[in-house]
């Protein structure tokens with residue numbers, strides 16, 4: 001008997017190993033002897049505590065062949081991890097359970113995995129889609145379209161929540177979703193031809209913003225070479241039409257959250273600043289560097305980007321190439337040369353600003369930093385580069401086009417107004433550095449906000465009212481599919497304010513996941529009287545309450561300390577120790593308190609945070625005097641940007657952006673943490689009004705190495721991410737529900753004609769032969785709902801679009817043989833269109849040609865359709881006819897039938913491929929009934945028979961008058977009896993073109 005056994009060997013971190021039970025111990029019946037699979041070693045273990053059953057599969061089948069987790073008999077932690085490992089070893093990185101897709105990052109390119117053409121051509125029409133990120137996107141698209149056709153349907157809009165720790169592949173997954181939706185909707189739109197609806201957005205247009213957002217918002221961290229240091233919520237808006245069922249993407253918007261601004265001035269060891277700084281230095285040409293005063297300077301010479309002593313990426317991406325890609329993306333999105341120039345000037349000025357260092361005045365030397373200085377600090381002489389501090393300051397003034405005599409006092413003094421009189425207070429050495437860094441952080445944050453604004457304005461927008469309140473309502477009402485890509489859970493050696501906010505966001509998303517997947521599902525089954533085995537789960541609501549509640553929550557205590565005169569990080573820490581010491585999700589040992597640290601017991605584990613820097617980052621107040629100086633710039637283009645920054649000050653709490661407040665306004669302010677809390681609450685309010693789809697990304701190892709699967713690493717992610725509990729729920733749940741009356745209304749068409757009033761859900765289910773294992777009849781059968789397994793209704797779903805029956809024939813082509821022909825005949829006799837197309841522009845003939853059935857079943861369906869005027873020449877969104885698919889699937893009899901009804905062998909598909917060029921086509925030539933379409937000589941560069949290329953000069957191309965093929969002289973030999981050349985295969989005249 002195959003089992004998993006818990007081993008406690010010191011040399012391994014993962015506690016489970018595969019093995020075989022040899023025998024039960026005679027001296028202790030509760031213990032068994034297990035032989036491990038990876039050697040001859042045997043271990044004695046407690047059966048109840050240390051042994052878990054393994055999945056026994058049919059002969060010749062492996063775990064890697066199982067796509068759906070629900071098909072496994074045993075699915076505890078050990079079996080789950082082993083299942084993922086076996087699939088990962090053969091490059092199967094996706095699996096699914098119910099509504100949750102699990103994606104393991106392969107850290108390499110898998111050939112054909114993200115080939116849109118291949119995915120669409122293999123997509124099995126109306127049956128269940130395979131586990132794939134494209135399937136999640138396709139499911140959201142179909143669900144949006146279906147729900148828009150139901151006036152009373154709630155939660156029309158769709159949201160795809162992508163979660164996982166840093167480096168698990170969330171950003172790449174988001175890009176795959178966006179590109180799929182853009183290209184798929186565009187393909188459907190282009191097939192409409194003369195429609196006057198708005199042009200659909202292409203995938204390349206949609207993805208053109210990504211290089212910019214990644215350049216300015218991503219950085220190399222210890223865990224990920226391209227880690228997103230901000231969260232984003234992307235909405236893709238769609239437009240439908242009453243005359244067809246397709247939706248096309250007509251607009252997008254991007255909302256960003258919690259940019260990690262502190263990275264602009266500080267990086268941990270082994271990490272980089274944002275990519276853009278390194279890309280600018282590596283990719284700018286000499287003229288641009290000269291203009292920006294960056295000639296002969298390297299990244300190692302700038303304080304702001306050398307703090308982590310890390311200057312290269314390890315993922316194979318070159319900074320100089322990325323810079324050119326960013327420049328190209330800016331042009332595509334409509335950034336003017338002037339705007340681009342202003343952006344590079346600001347970035348260069350920030351680099352030089354970081355090298356502006358100060359020293360205490362002579363009378364303050366040796367004194368402690370008490371918050372003020374008796375004399376203003378002076379500029380230092382030496383800088384981290386080969387230039388002096390004064391030269392760097394000159395460059396800052398030049399790039400900003402401001403008066404240096406006004407800039408220096410703004411960096412070294414503070415204005416205080418008392419009783420109408422203004423005084424200047426000198427800043428201490430530390431405060432001068434803080435003022436400089438605050439200016440850099442705020443400038444970069446405003447610049448990032450400007451870039452997001454430009455990206456949004458470059459995309460076609462839905463028509464929204466001018467009133468901001470109405471804009472929100474209108475945007476929420478517009479049909480859309482949204483993708484949430486937010487930071488993964490983080491834990492470093494030193495965790496600060498940024499990690500606290502990031503982990504709080506993950507805590508909120510975990511709560512949303514629990515509510516949606518676990519509690520809602522469980523409650524629905526219990527209310528309907530369905531047998532349900534309660535699933536224990538980790539309720540993190542108390543942890544969220546500890547962070548959010550007023551007035552004793554962590555964010556409230558932080559805001560309180562920030563408005564107290566001389567409030568400090570130490571004071572904030574002491575308040576937490578006093579008020580939260582008894583909370584079950586908070587702890588602070590004596591060692592922690594000595595370091596002003598505290599621990600939060602997150603769902604993912606305990607994280608120790610340093611209180612140092614919390615107050616400063618929560619206030620994040622850029623010096624208003626500094627921005628007043630910048631507003632006096634003589635550069636008109638920079639002034640426009642700075643005006644944009646000032647306008648950003650009017651954005652209220654929902655924006656979460658810094659404001660240029662004077663110190664007197666702090667008492668009425670809300671901290672950055674509380675702003676982020678409100679942002680996140682508003683975001684999740686939006687998400688809860690939509691139908692959600694979940695993708696859990698898994699990082700297989702910490703080295704970002706391909707073909708390496710760390711079982712302990714994966715196991716911990718499955719455990720703390722709630723995936724194990726979610727799968728346990730899905731395995732026993734029936735997530736698809738329908739009212740009895742609705743079920744009868746939709747599916748009575750699939751059975752023999754009968755008065756609709758005579759059908760009940762009970763006898764309809766029996767006639768359709770739905771396995772009771774796939775159905776639970778809610779408590780008493782006459783109760784409200786029928787509960788189905790998710791794979792049942794795709795085979796029956798006649799209500800996916802047109803209720804009159806046109807699109808129902810697409811489904812009928814894929815029913816069981818004993819139903820299909822009968823249903824087709826019934827539908828066609830009642831006026832259904834045999835040439836009606838679905839959203840992929842596929843006719844019923846297309847769908848027949850994609851499913852190879854036993855015997856003559858498919859031919860019978862095709863004959864029924866052809867008898868009712870089905871056109872074999874119709875092409876789908878890939879420009880492929882049914883004949884293309886028949887040849888591809890080796891369906892010879894079906895291909896002959898299509899040829900007899902006029903199918904054109906010479907019709908090119910979207911890639912220019914013709915059936916006539918296939919070796920399988922030779923046997924079809926004798927069935928030609930109509931003259932094939934003409935193949936222009938210019939389109940053919942090689943003989944269609946022997947595949948030898950035609951010579952560039954003196955090439956003689958022969959055309960067959962019957963099959964239309966173009967061949968060389970050797971394949972169209974001359975014959976005196978024919979008095980000319982003839983086609984070798986179809987034995988018909990061929991002539992030189």
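Here, residue 1 is simply the first one shown, and the rest follow in order.
Note: Cβ is positioned from N, Cα and C throughout, glycine not excepted.
The ATP binding site annotation in TrEMBL covers 164, 165, 166, 167, 168, 169, 170, 171. DSSP assigns residue 164 (ATP binding site) to coil in the three-state reduction, placing it in neither a helix nor a strand. Note: residue 164 (ATP binding site) has non-local neighbours 103, 170, 488, 696, 697, 698, 699, 717, 721, i.e. same-chain residues 6+ apart with C-beta under 8 A of its own C-beta.
For 64-801, the entry in TrEMBL reads domain 'Myosin motor'.
What TrEMBL records for 937-991 is domain 'FYVE-type'.
Counting only same-chain residues 6+ beyond the ends of the region 'Actin-binding' (680-702), those with a CB under 8 A from a CB of the stretch are 84, 88, 99-105, 107, 133, 136, 139-140, 143, 147, 155-170, 173, 223, 233, 255, 257, 476, 482, 484, 504-505, 508, 512-513, 516-517, 654, 708-710, 713-714, 717-718, 721, 723, 726. What TrEMBL lists as region 'Actin-binding' is 680-702.
Sequence annotations record features per position, and here TrEMBL assigns repeat 'ANK' to 804-839 (among others).
Taken together, the residues in the repeat 'ANK' (878-910) have a mean pLDDT of 85 on the 0 to 100 scale. Marked as repeat 'ANK' by TrEMBL: 878-910 (among others).
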**Item:** Additional residues around ATP, ordered along the sequence, whose Cβ is within 8 Å of the centroid of 164, 165, 166, 167, 168, 169, 170, 171
**Value:** 105, 224, 488, 697, 699
**Asked** Considering the binding-site residues 166, 171, which residue's Cβ sits among the greatest number of other Cβ atoms within 10 Å?
**Response** 171
**Local backbone state of residue 169 (ATP binding site), from DSSP in three classes** = coil
**Message:** To see if you understand the setup: which same-chain residues, six or more apart in sequence, place their Cβ under 8 Å from that of residue 167 (ATP binding site)?
**Reply:** 105, 223, 224, 227, 488, 699, 704
**Request:** Kindly report the helix/strand/coil residue split of the region 'Actin-binding' (680-702) according to DSSP, in that order.
**Result:** 9 helix, 8 strand, 6 coil
**Message:** To see if you understand the setup: which same-chain residues, six or more apart in sequence, place their Cβ under 8 Å from that of residue 168 (ATP binding site)?
**Reply:** 103, 105, 488, 697, 698, 699, 717
**Fill in**
In chain order, residues whose C-beta lies under 8 angstroms from the C-beta of residue 169 (ATP binding site), counting only those at least six residues away in the same chain, are 103, 105, 697, 699
**Item:** For the repeat 'ANK' (878-910), residues assigned helix / strand / coil by DSSP
**Value:** 16 helix, 0 strand, 17 coil
**Asked** Using a Cβ-Cβ cut-off under 8 angstroms and a sequence gap of six or more, which residues of the chain neighbour residue 165 (ATP binding site)?
**Response** 223, 488, 489, 490, 699, 717
